[in-house]
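Taken from TrEMBL as is:
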type	residues	note
DOMAIN	7-152	domain 'Orn/Lys/Arg decarboxylases family 1 pyridoxal-P attachment site'
DOMAIN	249-311	domain 'Orn/Lys/Arg decarboxylase C-terminal'
Amino acid sequence: MEGRKAAAILVVSPTYHGICSNLGEICLICHSYNIPVIVDEAHGAHLGFHQELPSSSLSQGADLSVQSTHKVLCALTQSSMLHMQGNLVDRERISRSLQMLQSSSPSYLLLASLDATRAQLSENREDIFDKAIDLALEARSLISKIPGISVFEYPSFSSSVHIDPLRLTVGVWLLGLSGFEADDILCNDFGVVCELVGTKSFTLAFNLGTQRDHILRLVDGLMHLSQTSHFHQPVKDEGENVNRFVCFDDVRISMSPREAFFASKCKVSIRDSIGEICGELVCPYPPGIPVLIPGEIITEEALNYLQEIRSRGAVITGAADSSLSSFVVCVT
C-alpha cells in the first residue's frame, strides 16, 4: 500500500458509546487530496435533527453515509439508508453495486417504514426528540447520585469531539460487578435491556419510544445493584488492568474469510488452538462484535479475553463450542 493513494477513508461515527468524530476536519483534509469520506453512521440516523444533538456526517462534508435507520429511529428492523453527495463518488457505480447486492423483490413493508420515518422527521423535526433528550438527561442526573455507580461524562473529551446525549454509559466496577453481570440482573429482574455490555460497564440507548416508566425501572435496578453489591477499592494500576483485555493490537490474517470458509477444518482444544487459523466467527454478545474471524490467527491474548468475559457473564456466539473448551480451526 505504501506510495498508493487511498481509494477512500472509512470513519465510524458515532461509536456505540455515542462518541462522534470531528468529521468536518477529516473531510476537509481528505477532500484536499480528492479522497472521498465514507461514514459508518449506523447509530447516528437521528443526528442533526435537534439542537442538542451532534451534527450529521453529511452536514460536515461526508460523501457517503450509511445509516441503520431502524436502530435509533422508528423504521422496521433491517431498514437502512445510504446517503451520498458531492462529485467524488461515482453514483452509477454505487447503483450498479447495489443492484448486485440487493434483492430484486424488496420488502415494501421496510420501504414504507423508511418513508414513514422520513415523513415523521420532516413534520416534527426537533419536537419529537425533546422528550427523549429530557429523559436521558434526567436519567443521567439520577444515576450519577447512586453510590458505587459512575457515569461517562462529556468533559472527558475536547471541544472538537461531541457526544450523543441519547447514549449513556454506566460503570459498575466499584460494585464488584462486571457489565455482563449487571446486564443480566437488570434484564431479568427489571426488564432493562442494554445496548452494549463490557467487562466494567454497559451502554444504554434512549430513543423516541423511551418513557418515564423505563427511566424509573432503570434507576430502581441500579439502586438495587448498589444496595446489594459489595463496594471494593478500584484497581491501583488501572491501565495495567485494562491492558489485560486488549486483544486486538496484534491481529494477523493468514487467509481471507472466503478461503477459510472453504478450507478443511478440525476441532482442537483451546490451548492447542493458539497459533492456528480460526475457522469460525467468535462473537461475545451483546453486541456481537467479533473477537476472532475466519482466517485470523488465534492468539493467547484473544483466548484469555474471551475466557475472561465469559466468566463475567458474556454469551459467546458463533463458536461451535460455546463453552470455549475447543475451537474449530482450518487445516493447512
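Yeah, the Cβs are placed from backbone N, Cα and C, and that goes for glycine too.
Remember, TrEMBL labels are computer predictions, not curated facts.
Broken down by DSSP into helix, strand and coil, the domain 'Orn/Lys/Arg decarboxylase C-terminal' (249-311) contains 18 helix, 15 strand, 30 coil.
Per-residue confidence over the domain 'Orn/Lys/Arg decarboxylases family 1 pyridoxal-P attachment site' (7-152) averages 94 (mean pLDDT, predicted model).
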